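> There's a structure below that I have some questions on.
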Amino acid sequence: MNQATPTKHVFVTGGVASSLGKGLTASSLGSLLRSRGLRVTMQKLDPYLNVDPGTMNPFQHGEVFVTNDGAETDLDIGHYERFLDTDLSQIANVTTGQVYSSVIAKERRGDYLGDTVQVIPHITNEIKERILAMGGTGEDGRSVDVVITEVGGTVGDIESLPFLEAARQVRHDIGRENCFFLHVSLVPYIGPSGELKTKPTQHSVAALRQVGIQPDAVVCRADRELPPSIKKKISLMCDVDQDAVVTCADAPSIYDIPKVLHREGLDAYLVRRLDLPFRDVDWTVWDDLLRRVHHPKEEVTVALVGKYVDLPDAYLSVAEALRAGGFAHEAKVQLRWVASDECQTAAGAARNLQDVDAICVPGGFGVRGIEGKLGALTYARTHGIPTLGLCLGLQCMVIEYARNVVGLEKAGSTEFDPDTPEPVIATMAEQKAFVEGAGDLGGTMRLGLYPAALKDGSIAREVYGSSLIEERHRHRYEVNNAYRDQLEEAGLVFSGTSPDNSLVEYVELPRDTHPYYISTQAHPELRSRPTRPHPLFAGLVGAAIERQRELRFPIDETGLRREPEPDED
């Protein structure tokens, strides 16, 4: 794109109800524009007063997505990264808490020269600065062609008003020809009358107009396709072109949404409206992904043993990484959500895990459900079930091994009991002040991208195909180095450490002991992409498929498969 052409800004708003899929709609549009050869980046404006979601309850907010530079962000940032296949930074997520904190700090410094600080212009100017900052140049010096900004919340909510006003002012500042407003709304189907109702969408657009924004296009979320008559009515009553009324009916997979929007002509309309270079969409990569999604050759069941399974969004990136691991093998991954409490006893673990092909133990905080995670890991280790542990999953893997193999019956973590007699997991030295209450909890963990050196001959080294890797982290606790020798002598392999060997990053069992039993202190799910599955998850699914193929072989007393005797054929 010509460098003289200004960056275009696309704002995505939502109406009628929350959880309509604004983030997925925005991500899919970004994917389409990127497939047309445009440089696209994305941003989320969140109207809550928290500075970031780092200390929020997973049951309320879902997962916390960590960027390379260590920002704790909204889970929609994960959608953006997966659909665009790019890495975003902390400026991709703006919250009301960040905006107000910055404005108040400036006021205290005297930056406003005695002005009365108000929502308009001071808060809105701060928001505008953060929106426009996304349109800078990339590492290669080229400017971004399109910035897609999702405005969180629902039009009409008081919390979103400053963000909507800032977006309106951005349109005024950069020119209408460089700005596009996309409104996502609900068109409900009323069963008894057999009708699709447009009134909620009309009222939602009316509320948007009240704050000075006229949408350029409307994406209608529904459980079925909209007939032309309904589209024509929405076009007339909402004052948008009929070509800009887009149906986005429920799809079999979230990865179908770009095709749905393209079929409806949304990307072509936007490109014409913003006078962007018109190139055909290159479907090469996405078509291959959809083939793997819809036409798998294998199917495996993976148990996700977690504390927050009542809200699957708490493990959104883990679930998507597991599914992507299946795509690598043209396999469908069926997730079984297992509450860790249900695996606290041997009988409970067997009941929930005896027929799964693999197990994933994800991260979390606090003592609740820990004994269940340990029970699940004991079952996985002794029955040869391929297992992947993430963050807390690594710590539980070490505790379980210390108790049941090494003989440290009181092994534990200082997170759960500061006075545990055998702290095989301990607080990181630089984290002790925060844990003891001497500092803020928010934003103070070991966050962001950190390197690890992998041991030759290990599973980790094999699946990564490299001896030095980088992964994103979010933790305060680590394997206690005082117990490393004792654990290694008992057969546990510390297959990856920080380059200076001070922090354990990967733990596993040798392949001759277990087919695939590995964990990492990092969060590799955050770097997985549907088109580039993460090697740890692909390795887990590969091991699960291999185990399926060997199910006809008996299991010996160690829980491992053995070759059948000649008379067993």
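Glycine is treated like the rest: Cβ placed from N, Cα and C.
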> Report the candidate from Asp52, Asp69, Asp74, Asp76 that shares the ATP site with Ser19, Leu20, Gly21, Lys22, Gly23, Leu24, as recorded in Swiss-Prot.
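The one candidate that Swiss-Prot places in that ATP site: Asp76.
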> Need a hand: Swiss-Prot gives Gly364, Leu392, Gly393, Leu394, Gln395, Glu415 for L-glutamine, which of Arg461, Arg472, Arg476, Arg484 is also on that list?
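Candidate in the recorded L-glutamine site: Arg476.
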> Listed recorded positions are Gly21, Lys22, Gly23, Ile158, Gly364, His523; which of them have CA atoms within 10 A of the CA of Cys391 (active site, nucleophile)?
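So far as Cα distances go, the recorded positions lying within 10 Å of Cys391 (active site, nucleophile) are Gly364, His523.
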> With a radius of 8 angstroms around the mean position of the C-beta atoms of Ser19, Leu20, Gly21, Lys22, Gly23, Leu24, Asp76, what other residues of the same chain does the ATP site pick up?
Gly14, Thr25, Ala26, His79, Glu150, Val184
> Cβ neighbours within 10 Å, counted over all protein chains: which one of the binding-site residues Pro200, Gly364 has the most?
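That would be Gly364, with the most Cβ atoms nearby.
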> How many whole Å apart are the CA atoms of Glu415 (L-glutamine binding site) and Asp76 (ATP binding site)?
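Between the alpha carbons of Glu415 (L-glutamine binding site) and Asp76 (ATP binding site) there are 29 Å.
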> Give me the CA-CA distance between Thr201 (UTP binding site) and Leu20 (ATP binding site), in Å, as a whole number.
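Per the Cα atoms, Thr201 (UTP binding site) and Leu20 (ATP binding site) stand 13 Å apart.
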> Calculate the distance in Å between the alpha carbons (Cα) of Gly364 (L-glutamine binding site) and Thr198 (UTP binding site), and round it to a whole number.
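About 42 Å separates the two Cα atoms.
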